[in-house]
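S.K.: From TrEMBL, here are the annotated features:
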- B:73-90: transmembrane segment (TRANSMEM)
- B:96-117: transmembrane segment (TRANSMEM)
- B:126-149: transmembrane segment (TRANSMEM)
- B:155-173: transmembrane segment (TRANSMEM)
- B:199-314: domain 'Palmitoyltransferase DHHC' (DOMAIN)
- B:227-255: transmembrane segment (TRANSMEM)
- B:275-297: transmembrane segment (TRANSMEM)
Amino acid sequence: MMSTRNVWIICGIIVTIAIYWPTRHARRYDYIDLKDVYKELQFTNKLSHLRNCNYKDVILNNSDVEISEPKNYFTPEHGGVHKPNHCNPLIKVAVIVPYRNRSLQLETFLNYMHNFLQKQYLFYRIFIVNQVDSLPFNRAKMLNYGAKVAIDMDFPCLILHDVDLLPLNSGNIYGCVSKPRHMSSSVDTFRFNLPYLTLFGGVVAISSQHFRKINGLSNHFYGWGGEDDDFYKRLTINDLSPCRFTPVLSRYTMLFHKKEKASPNRYDNMEKSAVLHKSDGLSTLPSNYSIKMEKLYTLILAS
Amino acid sequence: MDSDVSPLCCCEYFDNNNERNHILACCCSCVDLDEGVESLITGHGFPEQNRSRLMATLQDRLRIPWRGGAKQVSFDAILPVFILPLMFILSSISLWWTIFSFTAVVVILASVFRFFIKTIPQTKFFVVWTITSIIILYVIFELIVIPLLEILFEENVLLSVFFATFLLCFYLMKQRNNSLGRIGESEAESGFVGTGTRCYICQVLVPDKDHHCVWFDCCVGRHNQCLFILALIFAIASLVYSSNLTLTSVCHPFIFYKTILLPDDCSDVYQQFELGLSFVSALYSLGLATILLILLLHQILLVSVGLTSKEWRNLSFCAKCFLGLCSKRPHNLGFLRNWGRIMCWKRSYTIPR
């Protein structure tokens, strides 16, 4: 028979292990170092005879962007397209933002992002995908619509972006690397830490080719949560484990700091969805959407 | 005494009449209550002797399960176990509830302090208050703040190191106090020779007694003043650090001078109960830390100038303004030797007459 003392010791050890179990904490993660970021970037073909834009300096001259700093940017072309005219852009990117009923945030976001993206010498277009039906918000489906339109417009790189996140580091280049990339790994409301390693929401960069390969996101996630974990699962099934840049480049601020519990345990209807990913996603997306060109963005109305 | 001599289980005890009793039976068969109520109903009022015996029975039956038989706890000692959780729960409702319940608790403490110290000097109320606070704060941190997944492993470990060091100092301090000579023991038995001050609360002879700390339920004298100061330092460190971790988790943080994270906007903490509770626990920690910091600075001053708390209290306001430097200080050995004296205390040390 075990003595009481031993029982106490064993209980103590179990409690200690439970308290300090790593997944109960924010995680440190593997990342691509500041000096290696440039090598990892994927570029498009030369468009004009101008000299190429210097992205190396954009990354290495990384500095903090002030949220309150005045936003003086070149007015983009109709539809929110811009490309630098003094150099030849090698990065062509579509920023896709699922959206519904947050006009104040949208205004802040657009002013901020046009300024931010132009300073990185990108050829970009901002897509706002507005869900017009009265069902619960379906972020993943809206991203699919945006991606579909962007791929049709021949964008090789997609940035899937939440409207309430703003990048804080000027060197956080909005381009794709050889793997899908989780960009918002250091958000202020999470104390600039990563809540769990498989988090793949917020801001994500993925090449159109990869996005087609995983058949986009699931169309079945109505309401908040779960779709990003399903996205992660689709990637790992297709051997596309995502990467991250150094925290020095990955800081974001969240507008209207709503607090939502981040939880890695939302695997309810995900098992099925990830397995069925060939028959649920980009390929099964209905085509009831319309495109409108606004002054600062391309609006996609979908349901 | 009952003839049954088998050992008590954790819920059994011998009551006032030396009979074996069980805590689950605490509401059964109380003769005085029966008689009292009977006479109350028949219109004779509640007899005085029944009332006092009823109180004695209540006091006797108020027990908690313990190894080797249920332990009696006094009514005043279990008060904090109810007051503190109630305060935390109420104050996480809204900002006004926070202000209300914190003020209420300060008022309760202020009134209870004088009353208990005068009437029941041996009360465990304050030490139970300390222990309950420690447990509540730690549980809230580990079970509510950590699962928000915003605190790194290293940060949790660092906090635990501060906390464990504080507990160790607290334990050693109590142990040293208990190892002192009891009042009434001869000098040879107690192990040290010389003048000590009697402390009637802990029943020991304290060398150069500074004060009796009700919150730690322990005398602070030359034998443990060093540990007391260390315990204060680590308590302040863990309180400040845990409140910073909590506040930056539940509020919106910003980076101050590219190094430390500080909270700047806590406006939505009351929308969720858990966040409100964490926020309130951080406020409570900060409050405690402020009080302990004042106490720590006071202790450092007293040790530096070679005064005890009692001597300090007897100084005039004017003398206090000069930090007691111009008054008579019988125990003063000079700055360095004052500190050396509390750091190198040994049991066999003889106090110079």
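Note that Cβ sites are derived from N, Cα and C of the backbone, with glycine treated the same way.
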S.K.: Answer with yes or no whether the transmembrane segment (B:227-255) touches the transmembrane segment (B:73-90) by the criterion of at least three Cβ pairs under 8 A, sequence separation 6 or more.
M.R.: no
S.K.: Note the mean pLDDT of the domain 'Palmitoyltransferase DHHC' (B:199-314), expressed as a whole number.
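M.R.: The average pLDDT of the model in the domain 'Palmitoyltransferase DHHC' (B:199-314) works out to 88.
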S.K.: What is the three-state DSSP composition of the domain 'Palmitoyltransferase DHHC' (B:199-314), stated as helix, strand and coil residue counts?
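M.R.: Split into helix, strand and coil, the domain 'Palmitoyltransferase DHHC' (B:199-314) gives 68 helix, 21 strand, 27 coil.
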